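Everything on this sheet refers to the single structure shown next.
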Amino acid sequence: MAVAAVRAAAADAAVTFLWVLCVSTLGASTAAVTSYLRIHEGIHYALLVTVSLLSVLLFAFNLLCDALGGASFNPTALAAFHAAGLSSPRHSSLFPLALRFPAQAAGAVGGAMAISELMPEQYKHMLGGPSLKVDLHTGAAAELVLTFVITLAVLWIIVKGPRNPIVKTWMLSISTVCLVLTGAAYTGPSMNPANAFGWAYVNNRHNTWEQFYVYWICPFVGAVLAAWVFRAVFPPPAPKPKAKKA
């Protein structure tokens, strides 16, 4: 069990490193694509490009996570699937989670530091990660609500949504972009404590109460509440009784 937990944590660290490295380029990639296509008017065109790029990224990372045995780049996703009773048996205990959360945070730090060095100078102003733009409690409430909504959407799309993986990925991308736009004036937003911690570390804000309260406690509360709501509406099937041996 300990070996499997360490392997899962290592896979999470690697995937989170790559996720933060790649997803941080979405703004620059959208700007580059719209410039290449000479699309300078209408924000809806830029949003379409962003959703398309995010869909490709999510599809690729879903394949990568599956290949690594269920790796994840978002601590709230692990907590939500655990609370909803949807975790696999080997990932359902608390010990693996206790290893995977800090591993994801460490991977995010590495990804944020790497992209800060690799990003071309003309696009570096697009980096920086989520940051609080309102008072502390308003930001905390916003992060809780946003994480609740995205978690509920993710659970429904993955468990009860369409079977086609491309359609699922497109729906996840649209949901994510809509909530990012909604929360932009509040917290950034993050909806992913590891990603928020990575950028907070780069900007030397990782050891503050704001980081812990707004970007860790409240997203976890929102994710677990969403999981409980999902479990109440869509209860998992009862385990089949084992056949007694004659």
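Quick reminder: no glycine exception, Cβ is built from N, Cα and C everywhere.
Worth saying up front: this structure is predicted, and the values here are computed from it rather than measured.
Taken straight from Swiss-Prot:
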- 13-33: transmembrane segment (TRANSMEM)
- 45-65: transmembrane segment (TRANSMEM)
- 95-115: transmembrane segment (TRANSMEM)
- 139-159: transmembrane segment (TRANSMEM)
- 166-186: transmembrane segment (TRANSMEM)
- 214-234: transmembrane segment (TRANSMEM)
Closest-packing stretch to the transmembrane segment (166-186), where packing means Cβ pairs under 8 Å, from 13-33, 45-65, 95-115: 45-65
List, by number or range, the same-chain residues at least 6 past the transmembrane segment (95-115) whose CB is under 8 A from its CB atoms? 1-2, 4-6, 8-10, 12-21, 24-25, 72-75, 78-79, 82, 127, 129, 193-195, 197-199, 201-202
